[in-house]
Amino acid sequence: MATGTQQKENTLLHLFAGGCGGTVGAIFTCPLEVIKTRLQSSRLALRTVYYPQVHLGTISGAGMVRPTSVTPGLLQVLKSILEKEGPKSLFRGLGPNLVGVAPSRAVYFACYSKAKEQFNGIFVPNSNTVHILSAGSAAFVTNTLMNPIWMVKTRMQLERKVRGCKQMNTLQCARRVYQTEGVRGFYRGLTASYAGISETIICFAIYESLKKCLKDAPIVSSTDGAEKSSSGFFGLMAAAAVSKGCASCIAYPHEVIRTRLREEGSKYRSFVQTARLVFREEGYLAFYRGLFAQLIRQIPNTAIVLSTYEFIVYLLGERA
């Protein structure tokens, strides 16, 4: 009986810690997420740059001008949003993000903890296989449950309204999706999210390995008390940042495909069709649009989420 009660308390602890970590991370990094989503969109206004081409051997020696489309950078998109829409637009989609991020992170970490417990009884305890399967299972459940909220968030972030014009709130956006596309509209981009499970698996496999290395490190083992707690906290932040950075670079293209699938009135219909269309029309570099914004958003965000999660579990777990 006591064991069942203890397991229930542990699950609630992981739910609470995961929810707190996700909420803190979402608030701090919202502007970067809006910029990243705009960069990923097919509706991004590309700048036309004219490069002179000199043709040698011509009688006049005159050059020709070749127009080339150039993707605007992070700072240019930021400047455009501030000038045309105002600073408030940098927090577009924060409402559904806050509504979804706490339960999303809570469900994820609870599923991860429970799956890890189950897989430890099947495979070598705390092995990479256990971490990979646990992370993949938790991501699959979370993506399936939370996709409608993330769909609404993306639509709100892609909405462009000039300064002074009224923007849709969360409920209005959800109503519009339902009226124009039905229930299926809320699940657009879900296949891309499933493809993105690879990022989660890579991230947590690296994170757990780094965490184990930090735990076994002689410097950490030799410290005591407050020094150990402080060094451990910053060590976890560094481990989270490195793991997310590596995972993001490897699996980033699915993010661009997911954003395209969630665009309103989109020509994109399925994961494979979208990948082919983007490659044919824009080239392979289009799959990495917004990667820099993603890295400078996700690395600190993941560091905040994971370290807050571990810190709360440590604090409340000790008092329990």
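Positions of Cβ are set from backbone N, Cα and C atoms, glycine also.
Matching 49-65, 100-116, 270-286 against Swiss-Prot, the residues noted as transmembrane segment span 49-65. Of the candidate ranges 190-210, 233-253, 298-318, 298-318 contributes the most Cβ pairs within a distance under 8 Å of the transmembrane segment (12-32). Residues belonging to the repeat 'Solcar 2' (126-213) score a mean pLDDT of 89 in the model.
With DSSP classes pooled into helix, strand and coil, the tally for the repeat 'Solcar 2' (126-213) is 71 helix, 0 strand, 17 coil.
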